[in-house]
Amino acid sequence: MTQTTKKPILPTITSPRDLDGMSLPDLERLAGEIRDVLCNLVSARSAHFASNLGVVELCLALHQTFDFLHDRLIWDTGHQIYPHKLITGRYPQFSTIRTKGGLMGYPNPEESDYDLFVTGHAGSSVSTAVGLASGDRLLRDEENRWTVAVIGDGAFPSGVVYEALCNIRESGKRLLVVLNDNKMSICPRVGGMADYLDRLRMSGAYSGIKGEIVKTLQNIPMLGDPVERMLTQIKEAAKAGLHGGMLFEELGMRYVGPIDGHNVALVRKYLRMVRKTDGPVLLHVVTEKGHGFHPATQDPVLFHAPPQFSRCENGELQMKKSGGRAYTNAASEAIHVAMTASDKVTVLTAAMCQGNKLERVRDDFPDRFFDTGICEAHAVAFAAGQAKVGMRPIVDIYSTFLQRSFDHIFQEVALQNLPVTFMLDRGGLSGPDGATHHGVFDLGYLRLFPHMTVMAPGDEHDLASMLPFALQHNGPCAIRYPKAAAVTVAGERAPIEHGTAEVLRRGPDGLILCGGALLPDCLAAAEQLAGEGLELTVVNARFIKPLDTKTILPLVADSPFTVTVEEAALAGGFGSVVLEALADAGQTAPVRRLGIGDHYVEHGEREELLADLGLDTAGIAQACREQSQACAPGQGVS
Ligand SMILES: Cc1ncc(C[n+]2csc(CCOP(=O)(O)OP(=O)(O)O)c2C)c(N)n1
Ligand SMILES: CC(=O)[C@@H](O)[C@H](O)COP(=O)(O)O
Ligand SMILES: [Mg+2]
């Protein structure tokens, strides 16, 4: 990328203050070096790429204009924080990003005082910025202190952003919202706000004409009462269409832009100008996702978080092949089959068409495919509406993002007993994204609601059979599966029946109850232990709710010990369900629960995190060995 023999600047940047007084050519050279580092990173591992390439100049201009040890900076979502990390003292550790024990791929206050919140979910930045500004004001600590939220055009339509914007007039003094408009979410952005931003982009070119027309409109005489009102409305409507950023102005913000976000001098000039105002200000910055790396600008969807890739000698890019068929593929195929079978079935995604591998569904069923943008709460209430009139909506969503819809799952879906099906991808550890993205709370928060059926397939066979089951069930259902290679357990399998588990192996020496896709590990552990003379029963629970108490409770009663296994938080999870059922039946038994305790799990490869948590084959086998010894006659455990 950069063809320079000069001494690199980036390694010398230990804090943003090293940017002070830096010349424009040096800033531009630094931008090139940052892009080089980003390119080197993705040759080592998958990481967020195109979004980071797009904010380099904006990041430099922000840090040159503000001092974010005093001022406040929030990067919405946080996946575009890499340039910020590189110039805030983390260049030496940067190569560790997204690896276990290394830097997080998102903001992390434990890494740096320049990061205020751990984030990863989109849309909260404006609210937290309003809160920061308001708190500073109450503490009379706001002397010249600016709060800046940088939010992408994909995150911008999130409902919570409008809740914050409606509130900004009161608390938004010295508050700047930078709208980073690159025309993309992960996929092309959708919806009315996207169209509005397109119109704003256009408006600069027409500003001369616009001024004239607005002047003319302002001279329209107001006549008698009703006519006057009508004319006022027409005038306001016309102005709204012609004035750039009228929507924001009406909400009490000053709208500035759109400006070219790759012109570092220009961005800096506007930021300095903003600093001279009182706020709140919305600065509309136009950038290009993937800027500086041609293939990424050509295919920003692929390069949002591409697989590891390198450049061959002939200049072509070689992408690392993915690890084969994933549960996500199995889910999207099952959805396709269901939509082919019935024209009542619809699918809703909240901006994750690519992540959920729904492209074929989108292309083959354009009328029944709905992308709401990053609006999970809306997606769920929307699905409830469709279900109410007789459709069979599937909300295909990452487990962690569904948390945004908690109240709508309760009020609009479960309370009404509507047949909405939730396909919960990334149910379990999501890997290098870390704590913000692990989908480990879903079993607990979904089973709370009466009417809700919660399923956790033990393998791909289960997943494919559970969707048709859910679609004919008269009530809400959730099917949660991990970000992992799809596995099919060998042997004859029982059909899916509501609240029915499946016994896959029988032995008198102990019991493993598996709630989900760690089933192959449970079976492998049982196999291993059989070699040591310990014959275990293994149950594929399938249903977390309702639990198959008829099958499970007698097995627990007859087994010297029981180990429950789940890739989920223990609080409220599958093991809790089993313990509650035992308590309700007045039964006591030695039960050990394997899962995730009361802590957040860091980032790393899913397999290494599972191993650390004792949730791999070796960990499950070891827990069984220990239980077997502890529960052996004469050991006093009952
Ligand atoms: C609540 C939530 N839903 C979905 C996502 C997944 N996601 C991460 S980044 C992204 C696109 C964001 O687009 P934009 O804000 O424009 O940033 P860009 O990548 O274009 O810079 C999406 C959908 C998320 N992080 N949080
Ligand atoms: C920033 C963000 O939320 C997404 O880009 C997320 O990282 C996607 O995760 P997957 O890689 O598991 O699809
Ligand atoms: Mg964007």
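Including glycine, each Cβ sits where the backbone N, Cα and C put it.
Annotation for Asn182 (thiamine diphosphate binding site): same-chain Cβ neighbours under 8 Å, separated by at least 6 residues, are Ser51, Gly54, Gly152, Asp153, Val286, Thr287, Glu288, Lys289, Pro300. The feature thiamine diphosphate binding site is assigned by TrEMBL to His79, Gly120, His121, Ala122, Gly154, Ala155, Asn182, Phe293, Glu376.
Sequence annotations record features per position, and here TrEMBL assigns Mg(2+) binding site to Asp153, Asn182. Following the DSSP three-state reduction, the secondary structure of Asp153 (Mg(2+) binding site) is coil.
Annotation comment: TrEMBL describes 325-489 as domain 'Transketolase-like pyrimidine-binding'.
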Position of peak Cβ density within 10 Å, selected from the binding-site residues Asp153, Glu376: Glu376
Which of His79, His121, all binding-site residues, has a Cβ with the fewest other Cβ atoms inside 10 Å: His121
Among His79, Asp153, Gly154, Asn182, Glu376, the binding-site residues whose C-beta sits under 6 Å from ligand 2: His79
